[in-house]
Amino acid sequence: MSGLRILVPVKRVIDYAVKPRVNKAQTAVETTGVKHSMNPFDELSIEEAVRMRERKAPVEDILAFSAGPTKSQDILRTAMAMGADRALHVVEEKTELEPLSVAKILKKVVEDENRNLVILGKQSIDDDANQTGQMLAGLLGWAQATSASKVEIDGDTCTVTREVDGGVETLRAKLPMIITTDLRLNEPRYASLPNIMKAKKKPLVKKTMEDYGIDLTKRLKTVKVTEPPPRQGGGKVDDVDGMISKLKELGAL
Amino acid sequence: MFSAARQTALRQARSSCMRPRVTAPLSRDVAIARLLSTLAVLEQNDGKLNMSSLAAVSAAMKLGGSVTGFVAGSNIKAVADEAAKVEGLEKIIYVDNAAYDRGLPENFAPLLVENIKKGDFTHVFAGHSAFGKNLMPRVAAMLDVQQISDITDIESEDTFVRPIYAGNAILTVQTSDSPKIVTIRGTAFPSGAAQGGSASVEEGVDPKVESLTEWISEDLATSDRPDLATAEKVVSGGRGLKSKEEFDRIMPPLADALGAAIGASRAAVDSGFADNSLQVGQTGKNVAPQLYLCAGISGAIQHLAGMKDSKVIAAINKDADAPIFQIADVGLVGDLFDKVPELTEKLKA
């Protein structure tokens, strides 16, 4: 039986509580001076990896990974403060990476670092694509279990309950595999101050795109980004009768 | 240069007539449209065609060109024959093999890849459902294509519109990939009609790849109410309902009085008031019913992402400053434990 060598990719995104604004040129969402955090689904991934170790699963090590601007190192430190052993940062300032490119980098990281379990968030809350984990599984030819709400490891067998339309389904697969996390999987811990201090001493390796030799030509071109049409509230009514008559007036009843 | 200019002119001409929400091909350039061929991946459960997956067909019809449906599973011929009647489909490709019943991506993705290559399709559309989300990115990676997820509109054969940042921004994106792999937001396209069509039915290629995962079991919430994602009316409850008992006491009678599906906010789901599958929002389901009536929901942006395309939004909340009132067409400030039962009684009367 082999130990778990876990890779947890994390992404720095605009904080979920911030209402994003589209820039004047309509080319992107305004990101300068806006609070950023770790993608919420990625917090669940780190938490799950750490809990595996706490549940006495044979975790050899947990490697946190991020690709993006230098500032992404903040969230890698957070990941290490939550329990990841070390971090790898692929620095990329210029382009925003597409899921396929990220999946290609991750494939190399998996091979270089001899990983046998990758836990990703099911989607990032900025591009809402929900693709990277599945793409990585496809590139590696590994089993995948997406939108996981429960994960059980027994030796090299992994049983995953996943959220599907209308309920849940349970799958079983042998390692190596890819898991993506759904909200119900766990409740991520807060990094304690002593752990934040300790995380500063954990190793963080920096690499560049050139180290991986991946073609980063973008497949998609942003034509424009716009604000959704604003929705105007129709005002309030005084009582239930008022509500019923207004709904009838609007043709909803 | 010349061809690039012509492309642009074409795109403008096409997008100018794309506006109305109709299922007829939007291109006036028949010659181009004829070159487009879309594979619409259809879903089936236990030998029945999943009607909500027909949004992929509607989207393909809007694009123009020929549309081929794809189904796979055990005893699939009956499903294929049913799908052949779907309006807009020219051909159905089916693969009869029980290995595909559960839609496991480890064997379903190679199956699709083989059939996409054989059919030389320019576009592959699937619903942005649990099945489509799980499967299509794997297919895209195997074909070295950057997928476009959860589109709400089609501007031209290579330009698509999709919400990002929980629907707080709308992205128009152009792809240089081929084939173009796209998942479709079901509520943004007509659901398609399962009659009036007469497609030919043909067997597809089966690469018979073994799945690396084994399907163990499923636990689906059974309900005789309309399906949340496609319901005409939705009533939705939030944290304000305080407990599962109260949720179960207050919401179902209202849903029954309206013939509505029941939804819930993430707060209600996280607190255990309602099942996960009922969650409406960025990380749950997107709905766009005729009427969305919510009680005890404040209106966080993640929730609004899943319901703000509803035709009419009605809200009952005791906090007059709750953000939900900024977008609700009809707002009622009051205690939901009084107002909802009163509303239920008066609707029944």
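Just so you know, the numbers here start at 1 and follow the chain as drawn.
Glycine is no exception: its Cβ is also placed from the backbone N, Cα and C atoms.
Looking just at the domain 'Electron transfer flavoprotein alpha/beta-subunit N-terminal' (B:38-224), the mean pLDDT is 95. Residues annotated as domain 'Electron transfer flavoprotein alpha/beta-subunit N-terminal' in TrEMBL: B:38-224.
Sequence annotations record features per position, and here TrEMBL assigns FAD binding site to B:ARG239, B:265-266, B:279-283, B:296-303, B:ASN317. B:GLN282 (FAD binding site) counts 23 other C-beta atoms within 10 Å of its own C-beta, drawing on all protein chains shown. According to its DSSP assignment, B:GLN282 (FAD binding site) is coil.
Figure note: comparing Cβ neighbours within 10 Å for the binding-site residues B:ARG239, B:HIS303, the maximum is reached by B:HIS303. In sequence order there is nothing to list, since none of the binding-site residues B:ARG239, B:ILE297, B:HIS303 has a CB under 8 Å from a CB of chain A.
Listed in sequence order, the residues of the same chain lying 6 or more apart from B:ALA300 (FAD binding site) and placing their CB within less than 8 Å of its CB are B:SER265, B:ARG266, B:GLY281, B:PRO323. Long-range Cβ contacts of B:ILE297 (FAD binding site) within its own chain (separation 6+, distance under 8 Å): B:SER236, B:GLY237, B:GLY238, B:ARG239, B:GLY240, B:SER265, B:HIS303, B:ALA315, B:ASN317, B:ALA322, B:ILE324. Counting every protein chain shown, the number of other Cβ atoms lying within 10 Å of the Cβ of B:GLN279 (FAD binding site) is 27.
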